[in-house]
Amino acid sequence: MPELKFLLLTHQPHLSPSTSRPKEVWKKGGRLFSILLAVHLVLLACTLVSSGAFEKIAVHDYDVFFLLTVMMLIVIIWIFFYLVGTSKRQNAILYKDSHAGPVWLRGGLVMFAIFSLVMDVFKIGYYSSFENCQIAIKIIYPVVQAIFVIIQTYFLWISAKHCVQVHLDVTRCGLMLTLTTNLAVWMSAVTDESVHKSHSKFNSTTEQSAALIMKAGKSSSADICQCKTQICEIFQNGYFWLYPFNIEYSLFASAMVYVMWKNVGRLIDDHAHLVHRLKFRLFRRTFFVGIVLGLIVLVSGLGVLIVYEVQVNTHSNDEKKNQALVMYYIFNIVCLSLMSAVCIGGSIVYRFDKRDMDRHKNPTRTLDVALLMGAALGQYAISYYSIVAVVASTSRDTKSALNLTYSLLMIAQHTFQNIFIVEGLHRQPPEERHKTSSHRKDLYGLTFVNINTISLRIPDGGSVLGSSTPPNTEAIQASDDVQSIRMPKKVNWRSKALREISLFLLLSNIILWIMPAFGARPQFDNKQELDFYGKPMWSAIVDICLPFGIFYRMHAVASLLEVYITS
């Protein structure tokens, strides 16, 4: 055994017995210290953000802005230190995790970053409209946030795959501080957006909201500022509509930073497990059934959302609102039923799939599964609360029946979809078997001359394939590999079915993300749960759980895209 360990160490290109052990001695201690730092900062940020959301607590929004601004400035300084002092150092990045930071995840991060920058511009324009009654921190905060988004996006684009081997403890603490800052920005955005939605639902005019704040004793010079120009109102409405993109950006960045933190000090060889690098080829080897059905659901959902927003928010007639709610519930029931059936079908297809399970260590996949399971709990909670309210209440009308069916199907669809996605993420792609055979053929020394002429050099004095000398066992196996290369690669029905299912689920999750993210709140418009639990309790349940449900949909889109590519 000692000789085996020495041989394994000597085969590592950049490691030696003297350099590998000290880096791993304090691995658990360094991780523990960075985790404790992150926990304390998250609790501090959560305390301030939640306190600022309540009307009777003397914590103002500019107190939260000041804390977030300081945290973002510290992270910006650390990112410069990492880019200049750590990543440029010799032997700093010996390994890269090919599973981390795939191109579609980084592309999504850039897309959300662009919308976040537009939101910051709208915020700057909105707060700059009040010269006499706004505090300076409210203008400084969006400026610093825009700089933070630009620098962090560049940092994650070039460093998402890094397995850092120097300054381990400092890097872990810096990454955890970055993760904590993104979570704090996420909490602040979610709270601000939820308070805005709650006030718009429960108060018909802006003056009533301002009067409510002043009555609660939290009025200040910043609170009583109101838009008096059309440009100011455009800026105000614009940055509230862009909040969902900023929320998703913070969560995407947090997930990528966490994977980087897990890879600090990690000794990984890209070729040890034949890590696959798949090419993204959309709509190839498909029957277009999934994309067509998905587009139908997407377009129909956008139409339902527009009609719902117009009838619920602009009409005071209860009959119009009830019609909008019935339409919303019917669309979601049909959509969730189709998605549940498709997920069950996909799980059945996996039973006939001959691909092996990928059991290699993969922090990215572990995080994806954990986020899917954890984020689904938010929608589970809302659905179960709704079921209890509907069953225990005395009303038995059509709207109650649709609400009950909608809640039950929401639970079923999350469950079946999680099963389908998790099983797809743990399957090896078809290209894996092809690359494995190619790796074996390299051992025999294949040399390709052209498509019809292939010469094979057999080690240990063997003869050339096709000569008069009888080939040995290795030559026979190699000739089979040559024939497998020359045979055209076919895609079986299982792969096509999984691609169709993934595309349909991907587009369906997009519309189910758009609806709640951009204002559809049947939990408040349907008075049944609100009357059963009361405004304070039900508002707290929805404001806490709904952001996790919204994040689940977008994270499911990213996971389904990976399942589509690996199918």
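A Cβ is built for glycine as well, from the same backbone N, Cα and C atoms used for every other residue.
TrEMBL annotations: computationally assigned, not manually curated.
Listed in TrEMBL for this protein:
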type	residues	note
TRANSMEM	32-52	transmembrane segment
TRANSMEM	64-84	transmembrane segment
TRANSMEM	104-127	transmembrane segment
TRANSMEM	139-158	transmembrane segment
TRANSMEM	240-261	transmembrane segment
TRANSMEM	282-308	transmembrane segment
TRANSMEM	328-350	transmembrane segment
TRANSMEM	370-392	transmembrane segment
TRANSMEM	497-518	transmembrane segment
TRANSMEM	538-565	transmembrane segment
Completion exercise
When counting C-beta pairs under 8 angstroms to the transmembrane segment (538-565), the leading stretch of 32-52, 139-158, 328-350, 370-392, 497-518 is 370-392
Problem - For the transmembrane segment (32-52), distant same-chain residues with Cβ under 8 A (at least six beyond the ends) - result: 59-61, 63-64, 67-68, 71, 169, 172-173, 175-177, 179-180, 183-184, 187-188, 191, 261
Problem - Within-chain partners of the transmembrane segment (139-158) [C-beta distance under 8 Å, separation at least 6 from its ends] - result: 65, 68-69, 72-73, 75-76, 79-80, 82-83, 101, 106, 109-110, 113, 116-117, 120-121, 123-124, 127-128, 178, 181-182, 185, 249, 253, 256-257
Completion exercise
The answer for the transmembrane segment (64-84), taking Cβ pairs under 8 Å and residues 6+ beyond its ends, is 41, 44-45, 48-49, 52, 137-138, 140-141, 144-145, 147-148, 151-152, 155, 159, 171, 174, 177-178, 180-181, 184-185, 188
